[in-house]
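After the structure tokens below, expect a handful of questions from me.
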Amino acid sequence: MVRNEKISARQFGILVALYSIGTTILIVPAVLAEEAKQDAWIAALLGVGIGIVLVGLFIAVGSLIPSMSLVELMEELLGKWLGKAVSLTFIFFALVTASELLYFVGNFITTQIMPETPMQSINIIFACVVVMGVRLGIETLARSAELLFPLFVFLFLVFVIFVSPQVKVENIQPVLEADFKNLLRAAIYFISVFSLPTVVLLMVYPASVNRPNEAKKNFFSGVIIAGVTLIIMIALSILVLGVTTTQLQIYPSYSLAKKINVGNFLQRIEIVMAGMWFISIFFKLSLYFYASVTGLAQTLNVKDYRFLTLPLGVVMVALSMLVHPNTLHSFEYNRETWLSYVSTYGLFLPLLLLGVYAFRRKGRQDMATSSNETKSE
Amino acid sequence: MIRNAALFFAVLTLLLFATGCWSRRELNDLAIVTGVAIDKIDNKYRVSVQVVDPGEAAGKKGSSGRSPVTLYDASGDTVFEVIRRMTTVTPRKLYFSHLRMFVLSEDLAREGIGKILDFFSRDHELRTDFYIVVSKGRAAKDIISILTPLEKNPSTKMFTSLEVSEKAWAPTVAIQLDELINDIVSEGKEPVLTGILIKGNPAIGKGKGNLETIDTPTNLQYGGIAVFKKDRMIGWLNEEESKGVSNLTNRLDSTVMEVACGNNGKLAVEVIRSNTKVKGKVKDGQPEIKVTIRTEANIGDVECQIDLMKSKTLYDLEIELEQKMKSDAERALSKAKKLKSDIFGFGEAIHRADPNYWQTVKKDWDKHFPSLPVRIKVDFKIRQLGTTGDSFQNKLKE
């Protein structure tokens with residue numbers, strides 16, 4: 001595999017932040033409000049805390065063999081055939097999730113903005129941009145993230161400033177009423193959307209980052225920036241809309257944006273605000289897709305992954321129409337199936353790889369000279 | 001080079017197909033709904049919508065004598081069905097994003113409004129920024145059939161009038177959909193809505209004649225607050241009680257209060273700002289509410305003999321006004337207690353103060369509420385006298 005593409009540590013940090021905000025910003029407030037009521041923001045805080053620990057885990061896996069991506073690492077550590085088999089399931093995971101996100105984009109637009117438009121047309125247009133981005137490579141994606149991030153920050157700040165006059169502090173009182181069990185359940189849901197999918201970034205980090213050590217720091221700060229953004233968003237949803245409305249809405253953040261009204265003049269700007277999550281969802285989707293495409297190329301030992309983007313893009317669009325027959329199915333999937341699916345790759349796989357690595361190194365030390373297998377580059 | 005140019009033109013042609021949105025609806029395809037009224041007649045919903053006549057509303061070129069808005073109605077079993085059925089009479093499809101007023105008939109409100117609100121919170125076209133009111137003793141349709149002077153669009157008139165009267169007069173509440181739903185669902189707070197009534201002869205109000213005289217024969221007026229229990233209306237509050245509601249729920253911005261002074265004269269003050277704090281407390285298993293109202297006012301109108309040269313006069317007035325405010329609040333409170341409906345959100349205050357205790361009473365809070373001790377403390381301050389000092393009437397006597 002020729003690896004001529006490198007992104008800077010700063011770009012990586014921005015990608016991490018946008019990736020983690022992704023769809024979380026739109027869907028998570030409703031579920032958290034349902035589980036933890038007015039304490040949803042505490043659950044998010046808890047979730048971000050655990051998320052930071054998970055980043056430590058991902059970095060540990062990434063630093064095992066810094067020149068290899070996750071898929072190559074699996075092949076190296078688990079053996080050729082088992083490694084390839086696990087890689088294929090991982091690629092499937094990334095592709096299905098990418099198509100799920102695509103479904104999500106289509107669903108959001110057809111629910112809130114253009115109900116009569118067929119979802120296919122939205123999905124195809126969005127997928128075109130994603131395929132184009134991935135074809136142009138991770139460097140291009142990272143650079144566009146760098147360009148769009150200030151816009152994201154600007155929209156977010158405008159959002160927060162314009163919504164904050166309507167804050168009612170009583171809405172989050174009494175604080176800490178939810179019992180720990182509910183809080184934990186909410187936090188686990190939060191992690192399943194916010195931190196566990198970050199494992200996909202191991203396809204980029206550290207192999208495609210030019211200064212992996214610096215990127216380590218940015219990995220953390222990216223997750224923290226995303227975490228703070230989400231906590232603010234969740235807190236604002238509850239502070240302004242109240243627990244009941246937040247949990248009843250399918251997209252509470254969008255309803256929140258609808259509340260913006262500055263002096264009966266600056267109002268009805270929610271669609272501008274929606275630009276914010278189109279940015280974050282685009283990067284989340286692109287990175288999932290990038291992971292599945294490069295992963296497949298590496299598993300098949302192909303030098304250049306680019307020719308795979310178009311066929312896989314078509315598959316992704318087709319899958320996006322098939323993954324969920326209706327909205328409720330996607331809710332149930334997100335709340336029941338997703339956690340176990342994502343933790344297979346986001347939690348158990350990294351632990352397994354660390355375990356195998358430690359075991360192998362121990363074995364190597366025992367046999368000191370006889371085996372050079374794992375050292376080969 | 002040629003290949004690039006060909007590609008460029010191919011992309012350019014593609015652009016032609018990529019213009020505009022799929023579900024676009026141009027302004028001339030829309031029937032902009034500004035007011036909705038719902039009645040229940042023979043177990044069916046009758047939905048009436050007030051639609052802007054764009055040719056008339058546009059304004060400057062002089063009106064052709066047509067009414068600025070028109071009204072359509074239809075009946076059916078569900079709100080959504082009725083609204084779509086209206087396409088059989090409307091020339092265009094109704095567009096709800098600019099809805100301003102939502103009028104419910106009193107009969108419907110007494111039966112329960114929960115069922116009809118779902119459509120309005122589910123449909124993507126609707127926003128939550130319209131006001132909801134209850135028509136007092138009349139069909140809701142009659143309310144939105146009245147033509148109004150000054151504001152061409154009657155719904156806009158109702159909207160701004162409610163906003164202004166809440167700010168400057170107080171005994172009305174401007175409630176929007178999300179707040180109403182929150183209050184219906186909340187266990188420690190019951191909803192209230194402002195009542196609207198027709199002053200004058202409704203038959204005249206429907207015609208253009210209503211706008212042709214200086215003294216408008218028929219007008220729409222807000223009056224009273226409708227008290228709900230969950231989604232069912234259970235009673236009306238009168239003006240004083242309604243003022244009490246504003247006092248107790250921190251809705252009071254500005255209003256005018258009058259007190260008797262001197263020998264059979266009156267004096268009015270203008271409240272310029274007011275802040276209400278509600279604090280719940282549970283002591284030895286007994287809930288208790290403490291309400292602190294801090295109000296500042298200016299002297300607005302002196303219609304009696306009073307010495308405004310001494311500050312002692314103001315202190316006496318302050319005490320009197322404190323009493324007055326307190327009695328308004330107490331009257332509202334006792335009425336609400338009689339109706340067993342916690343419209344002030346005291347249950348939520350108890351919830352905030354002691355979540356554990358709340359768990360034990362929230363199920364039958366309406367039984368606990370009537371015996372809830374509420375201590376109301378008013379701190380009234382008169383700051384300024386207006387542009388004149390002592391009243392010229394005092395000079396008259398001499």
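A Cβ is built for glycine as well, from the same backbone N, Cα and C atoms used for every other residue.
Curation does not apply to TrEMBL; its annotations are automatic.
As listed in TrEMBL for this protein:
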TRANSMEM  A:12-34  transmembrane segment
TRANSMEM  A:40-65  transmembrane segment
TRANSMEM  A:86-109  transmembrane segment
TRANSMEM  A:121-138  transmembrane segment
TRANSMEM  A:147-167  transmembrane segment
TRANSMEM  A:187-207  transmembrane segment
TRANSMEM  A:219-243  transmembrane segment
TRANSMEM  A:271-293  transmembrane segment
TRANSMEM  A:305-323  transmembrane segment
TRANSMEM  A:338-359  transmembrane segment
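What's the neighbourhood like for these features in this structure?
Note on the transmembrane segment (A:121-138): residues 5, 7, 98, 102-103, 105-106, 109-110, 114, 144, 204, 208, 282, 285-286, 289-290, 293, 306, 309-310, 313, 316-317, 320-321 of its chain, located 6 or more positions outside it, place their CB under 8 angstroms from a CB of the stretch.
Beyond its flanks by at least six residues, the transmembrane segment (A:147-167) meets 14, 17-18, 229, 232, 236, 239-240, 256-257, 259-260, 262, 266, 272-273, 275-276, 279-280 of its own chain at Cβ-Cβ distances under 8 Å.
Listed by sequence, the residues of this chain that lie at least six past the ends of the transmembrane segment (A:219-243) yet keep a Cβ under 8 A from its Cβ atoms are 12-21, 24-25, 28-29, 32-33, 37-38, 40-41, 44-45, 47-48, 51-52, 55, 58-59, 156, 160, 163-164, 166-169, 171-172, 194-195, 198, 201, 205, 249, 252-253, 255-256, 259.
Listed by sequence, the residues of this chain that lie at least six past the ends of the transmembrane segment (A:271-293) yet keep a Cβ under 8 A from its Cβ atoms are 15, 18-19, 21-23, 25-26, 70, 91-92, 94-95, 97-98, 101-102, 104-105, 113, 126, 129-131, 133-134, 138, 141, 145, 148, 151-152, 155-156, 158-159, 197, 200-201, 203-204, 253-254, 257, 260, 305, 308-309, 312-313, 316.
If you look at the transmembrane segment (A:305-323), the same-chain residues 6 or more away from its ends with a CB under 8 A from one of its CBs are 95-96, 98-100, 102-103, 106, 119-120, 123-124, 127-128, 130-131, 134-135, 289, 292-294, 296-298, 330, 333.
Tertiary neighbourhood of the transmembrane segment (A:338-359): same-chain residues 54, 57-58, 60-61, 64, 73-74, 77-78, 86, 90, 93, 188-189, 192-193, 195-200, selected by CB-CB distance under 8 Å and a gap of 6+ residues from either end.
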Can you work out which residues elsewhere in the same chain, 6+ from the ends of the transmembrane segment (A:187-207), have a Cβ less than 8 Å from its Cβ atoms?
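Cβ under 8 Å, 6 or more out: 3, 7, 12, 15-16, 19-20, 22-24, 27-28, 31-32, 35, 43-44, 46-48, 50-51, 54-55, 58-59, 61-63, 66-73, 94, 97, 138, 215, 219, 223, 226-227, 230, 284, 287-288, 290-291, 294-295, 334-335, 338-339, 342-343, 345-347, 349-350.
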